[in-house]
Amino acid sequence: MASAGHIITLLLWGYLLELWTGGHTADTTHPRLRLSHKELLNLNRTSIFHSPFGFLDLHTMLLDEYQERLFVGGRDLVYSLSLERISDGYKEIHWPSTALKMEECIMKGKDAGECANYVRVLHHYNRTHLLTCGTGAFDPVCAFIRVGYHLEDPLFHLESPRSERGRGRCPFDPSSSFISTLIGSELFAGLYSDYWSRDAAIFRSMGRLAHIRTEHDDERLLKEPKFVGSYMIPDNEDRDDNKVYFFFTEKALEAENNAHAIYTRVGRLCVNDVGGQRILVNKWSTFLKARLVCSVPGMNGIDTYFDELEDVFLLPTRDHKNPVIFGLFNTTSNIFRGHAICVYHMSSIRAAFNGPYAHKEGPEYHWSVYEGKVPYPRPGSCASKVNGGRYGTTKDYPDDAIRFARSHPLMYQAIKPAHKKPILVKTDGKYNLKQIAVDRVEAEDGQYDVLFIGTDNGIVLKVITIYNQEMESMEEVILEELQIFKDPVPIISMEISSKRQQLYIGSASAVAQVRFHHCDMYGSACADCCLARDPYCAWDGISCSRYYPTGTHAKRRFRRQDVRHGNAAQQCFGQQFVGDALDKTEEHLAYGIENNSTLLECTPRSLQAKVIWFVQKGRETRKEEVKTDDRVVKMDLGLLFLRLHKSDAGTYFCQTVEHSFVHTVRKITLEVVEEEKVEDMFNKDDEEDRHHRMPCPAQSSISQGAKPWYKEFLQLIGYSNFQRVEEYCEKVWCTDRKRKKLKMSPSKWKYANPQEKKLRSKPEHYRLPRHTLDS
């Protein structure tokens with residue numbers, strides 16, 4: 001079995017790699033830009049809110065564009081933060097459990113940390129109030145928060161100190177899976193409704209309609225579910241036909257060969273469902289569910305499934321009846337770990353619910369299509385008298401229709417994604433994907449969905465996917481990797497504001513906001529901007545700036561952008577370096593000692609670019625590609641000579657290739673000093689003569705106590721005579737003949753660009769640079 005599993009693993013990995021990376025001209029599996037938490041702060045692109053009490057324990061967030069506030073529910077507290085800058089002008093409500101409740105909770109065997117009031121529900125009840133519910137030390141409670149009608153209204157307080165019971169509206173356990181949505185005055189919630197988290201159910205409470213729930217202990221409806229998301233999506237203009245969709249995972253009864261199989265489901269029920277008259281009294285009579293599939297097609301019809309839903313995002317469109325559903329999945333397989341994002345259209349979801357029902361004749365039978373007569377009205381349909389409907393309420397439904405709905409909640413057809421495959425697959429295991437938010441953007445060459453994906457280590461990935469209809473393939477382009485939080489904490493909630501172009505990100509310890517884009521980070525040239533393929537950004541003839549579609553804030557007609565292909569050569573005609581134009585690149589000077597190691601630094605801004613080194617020897621005009629071997633190694637930081645030969649002297653060109661665009665990042669002239677001459681020079685010099693003969697004082701420009709980064713590097717490669725190297729470098733720096741030449745072209749130990757020095761903090765000035773800027 002082990003060998004068979006190993007073979008399957010190899011086949012899966014090989015197929016995935018071929019499918020998702022083959023044929024790409026650029027390495028789009030890496031982000032084009034990687035920005036640290038510190039860099040985001042320095043760019044003023046992010047703002048962080050920390051609780052003044054030292055703890056937050058965030059569990060829910062609510063975005064209010066009208067009030068321009070972000071409401072945050074944590075442990076014993078509700079915060080109101082400014083959407084403009086969340087770290088400024090916050091308000092808070094302290095809402096702890098009573099001492100008696102906390103004591104009772106601890107006496108029942110719960111930890112003291114669990115016996116607090118964790119806020120799990122925040123919904124707009126009306127223009128002036130929020131509905132909020134908390135776990136209440138394992139005794140759920142609900143209340144209303146007064147927020148005021150106008151933006152200038154400073155109100156933010158609990159409407160009454162007296163709280164209502166929250167059972168069926170909020171879970172007992174702060175860590176239990178839970179979803180809810182407020183429709184009118186009715187709260188729909190999927191949760192575990194008991195103290196021990198055993199009774200999983202979907203509830204409707206509050207409002208004018210009767211309180212209602214799924215049946216107790218019926219595994220055909222829910223079997224150990226994990227609730228992920230819920231939305232009200234209308235089918236048509238008839239409000240009586242409105243339905244609520246629940247997204248969850250559960251143990252699958254129909255997976256007969258695998259008793260532990262986990263499937264993702266879409267559950268659906270009617271908003272106006274009031275249960276049956278004699279059967280399913282005060283129980284849902286319209287509840288149906290279907291399997292939601294996200295899989296990579298495989299050979300011989302064997303798919304690789306991503307069965308466990310992590311997060312779901314509903315992207316509104318101009319047609320409010322047909323939003324686009326984005327699902328973030330992971331695998332439950334023991335063979336390999338991976339994540340995928342699939343997209344679903346409402347037409348596919350409705351087709352599954354309008355299709356055949358799944359049926360099992362008995363314990364010894366297999367699941368199959370129900371081929372008998374389906375009663376009228378069709379089970380799962382809503383009660384409505386519009387267009388001649390006969391039933392005004394589900395209590396009027398015939399018993400056989402209610403009985404059929406009770407015994408056949410599962411649809412036979414699974415819901416498959418658009419293009420029959422995921423739009424994104426990640427199997428590198430670098431981090432786990434946890435949250436997703438999507439913004440739809442108009443670009444010069446079409447419409448793109450920008451995915452913001454939160455991970456379990458505080459990072460947000462900004463990604464676009466491009467479908468090639470002719471090849472039936474999907475290209476994923478990771479535009480940016482943003483380290484949102486200083487510490488690698490899981491991202492547990494995200495809210496998006498397309499209006500403000502801001503993403504609001506919640507972790508257990510802090511809340512952050514980050515702008516969608518910072519276009520000038522891509523570079524100051526047309527090619528850099530076009531190669532970025534960021535639909536938010538375009539070259540305006542002067543700089544890389546925010547792109548606006550024609551007619552909306554468009555101040556300049558000169559807009560160059562190519563998101564689909566990233567063809568900078570075509571968009572930026574005349575700027576590509578070819579032939580003798582390479583000689584226009586500014587020259588840098590580097591020295592190396594024969595038989596020692598030397599690094600020629602070159603790190604392009606884009607992590608997706610392929611680096612190629614060329615060398616020009618002596619007076620030759622011909623440039624040859626550098627051949628790497630055991631002695632000459634191409635690294636992420638540049639070209640490393642482990643043992644320098646005199647024949648290595650020459651002019652080296654560091655070129656990047658990205659989507660067929662060739663760009664010279666750096667031109668370095670390497671001079672090799674004979675080892676014997678260096679030894680002779682230092683042997684002749686004693687300490688007194690050295691001070692007399694040096695053209696300038698032998699003072700290191702490095703502050704006392706600081707360790708030059710090149711010493712650490714030399715130590716790594718085995719060179720131990722640091723003093724001689726430092727003395728030699730001091731001579732080079734202090735020679736009048738060299739000073740003038742090196743003023744604009746620093747040696748390899750200096751920064752190539754003064755801007756880079758400004759960007760670094762003082763302790764890092766003499767550390768090994770992580771990257772170099774374009775010349």
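Positions of Cβ are set from backbone N, Cα and C atoms, glycine also.
Per Swiss-Prot, the listed range annotated as region 'Disordered' is 742-775 (candidates: 674-707, 742-775). According to Swiss-Prot, the cysteine that forms a disulfide bond with Cys294, out of Cys342, Cys382, is Cys342. Record source Swiss-Prot places Cys115 in a disulfide bond whose other cysteine, from Cys105, Cys133, is Cys105. You'll find the Cα of Asn330 (N-linked glycosylation site) roughly 37 Å from the Cα of Asn126 (N-linked glycosylation site).
Nearest by CA distance to Asn44 (N-linked glycosylation site), out of the recorded positions Cys142, Cys342, Cys519, Asn595, is Cys519. If you measure from the Cα atom of Cys294 (disulfide bond) to that of Cys142 (disulfide bond), you get 37 Å. Remark: of the disulfide-bonded residues Cys342, Cys519, the most isolated position is Cys519 (fewest other Cβ atoms within 10 Å of its Cβ).
A 10 Å cutoff on Cβ-Cβ distances gives Cys105 (disulfide bond) a total of 23 other Cβ atoms nearby, all chains included. Shown are the disulfide-bonded residues Cys133, Cys270; the one with the most C-beta atoms within 10 angstroms of its own C-beta is Cys133. Least crowded of the disulfide-bonded residues (Cys142, Cys294, Cys537, Cys654), judged by neighbouring Cβ atoms within 10 Å of its own Cβ: Cys142. Within the same chain, residues at least 6 positions away in sequence whose Cβ sits under 8 Å from that of Cys382 (disulfide bond) are Asp240, Asp241, Asn242, Lys243, Cys270, Val271, Asn272, Asp273, Thr286.
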